[in-house]
Amino acid sequence: MTERRSRRRRYAVALAGMARPDQLALICVVYALGVLVAVARGGEHANVLVGVGALLAVAVAVHYANEYADYETDALTTRTPYSGGSGVLHATGLDRAFAWRALVGASALAVVALLASAVAGLPATATALLAVILVAGVAYSLGPRLAWRGLGELTNALLGGLALPLYGVAVTGTALDVVDVLTFLPFTAIVFTNLLATQWPDRRADAQVGKRTLAVTLDARTLRRLYIFTAILGLGGVTALVATGLAPHELLALAAPTIVLLVVGAHRYGRVESPAVTVHAMVVLAFAYVLTAACAW
C-alpha cells in the first residue's frame, strides 16, 4: 500500500511539474491582457471563465508535448529558473513513455474542452483560434517538429505573443480587426526577444540531440544583433501605438522598466547563461498592457 501511494505521489508530482504552473500563470496574464483590451473597447465578459478553462486544458497538452519531445535535451542541459524543461521526469525517475501517456490523455481532454466550450457559447472565432493554438503548439514539439527546424522561436512568439491575446479578445465576442493585431505586435516582438534569451542556455544540449534552434544555428554576434533588432522593434511598436492614439500614454510609462531591462539584457546576451533579465522585461511589458487596459484604455 505504501509503495502504491508513493508511486501515485510520484505520478502526481510529475504531471503537475510537466504542466509548468509558472508558465500557465503567465498564459492567464496574457489571456487577461486580450480580454481587458477588448472589454475596454466594448466587449462582453460573459464567456471569460469558459475561455480560460478551455485555454488551460490546451496549454497543459502543449506543455506535455514539449516535455515529451525535450526528454533528451533536459537530461543534458543545465537548467536555469527560466530555461530548459521542467526536469521533473528525470527528477522522479520516470521515462519518456510516461510523458507520452500524459500527452495523449491531456490532448483528448483539450479536444473535449474545445468542444464543450463551443457548446457553452464560446464565440466561433475564439474556438477556431484555440484550435490553432493546440495544433500549432503540438506541432512545435512533434511533427513537423518546428522547434527542430529553426522555426520554434517564431512559432512560439506568434502563438504566445499574438494568437493568445487575440484569443482573449475573441472570447469577449469582439470581431477581430487590424487594430487588434497592431496592438499586440509589439508584445509579440518582445516575446521573440525573450525566446532568443531562453534558448541560449540550452544551445549545447540542443545541438547534441539535433534540435536546430536559432541559438544553435546562428553565432553569438548575429544572435545579439537579432536580439537588439527585435527589442527595438517591440519598444518602437509600443511608442507608435501611443503616438497614433491606438493606446493610452500610460502604456508607455508603465513599459519604461522594460526598456532598462532590455538594455541590460542585450549587454548580457551571449555572455551570461541566465535569461532572467529578458524574461522579466517581457513580464513587465505584459503587466503594463494589463494595467493600462484595466485602468486607462
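Here the Cβ of each residue, glycine as well, is placed from N, Cα and C on the backbone.
Note: TrEMBL annotation is automatic and uncurated.
The transmembrane segment annotation in TrEMBL covers 21-40, 46-65, 98-116, 122-142, 154-175, 181-197, 226-245, 251-269, 276-294.
At the 8 Å Cβ threshold, with sequence separation of at least 6, the transmembrane segment (181-197) comes into contact with the transmembrane segment (251-269) through 3 or more pairs. Within the chain, the transmembrane segment (154-175) has long-range Cβ neighbours (under 8 A, six or more residues past its boundaries) at 27, 30-39, 41-48, 50-51, 55, 122-123, 125-126, 129-130, 132-133, 136-137, 139-140, 146-147, 181, 183-185, 187-192, 195, 289.
In summary, the transmembrane segment (276-294) does not lie against the transmembrane segment (98-116): fewer than three C-beta pairs, each 6 or more positions apart in sequence, are under 8 Å. Ranked by Cβ pairs under 8 Å to the transmembrane segment (251-269), the stretches 98-116, 122-142, 226-245 are led by 226-245. Tertiary neighbourhood of the transmembrane segment (98-116): same-chain residues 11, 14-15, 18, 53-54, 57-58, 60-61, 64-65, 67-68, 71, 89, 127, 130-131, 134, 138, selected by CB-CB distance under 8 Å and a gap of 6+ residues from either end.
Tertiary neighbourhood of the transmembrane segment (122-142): same-chain residues 47, 50-51, 54-55, 58-59, 61-62, 65-66, 68-70, 107, 110-111, 114, 152, 155-156, 159, 163-164, 166-167, 170-171, 173, 175-176, selected by CB-CB distance under 8 Å and a gap of 6+ residues from either end.
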